[in-house]
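Taken straight from Swiss-Prot:
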type	residues	note
SIGNAL	1-34	signal peptide
DISULFID	Cys61-Cys75	disulfide bond
DISULFID	Cys126-Cys132	disulfide bond
Amino acid sequence: MQRQAGLPLKANPMHTIASILLSVLGIYSPADVAGLPTHLYKNFTVQELALKLKGKNQEFCLTAFMSGRSLVRACLSDAGHEHDTWFDTMLGFAISAYALKSRIALTVEDSPYPGTPGDLLELQICPLNGYCE
């Protein structure tokens, strides 16, 4: 599927149905089905956290680490989320995980540009007793 500049991505009806079903089941977000590849990283810790101002918008980026694995870099912008609490909630989770050195699970969509952070789709703090299942 190709996106023309300024136009929304035209979704295949089967992808739309599949993405809604998988999203309702809590397996994948709609971006997983129609967009770039996504990856779930479990039991990582937040090593770095940065908040950036970009014009009228905010963006936070984090670097997550797990011993024996490569670093994961992901960012989330509040662009498009000005009227809801999604960005604030995810930022709160990231700050808490960083401050408490908690393990996290994060879902990241690959960046189309090599060497740049992926898009953070979801962030969860693992239970205090240890590991994400």
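For all residues, glycine too, the Cβ spot is worked out from N, Cα and C.
Known features from Swiss-Prot, placed on the structure.
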{"residue": "Cys61", "record": "disulfide bond", "Cβ neighbours (10 Å)": "17"}
{"residue": "Cys75", "record": "disulfide bond", "Cβ neighbours (10 Å)": "17"}
{"residue": "Cys126", "record": "disulfide bond", "Cβ neighbours (10 Å)": "18"}
{"residue": "Cys132", "record": "disulfide bond", "Cβ neighbours (10 Å)": "16"}
Rounded to the nearest angstrom, how far is the Cα of Cys75 (disulfide bond) from the Cα of Cys132 (disulfide bond)?
21
Using DSSP and three states only, what is Cys75 (disulfide bond)?
strand
Take the C-alpha atoms of Cys126 (disulfide bond) and Cys75 (disulfide bond) and report the distance between them in angstrom, rounded.
20
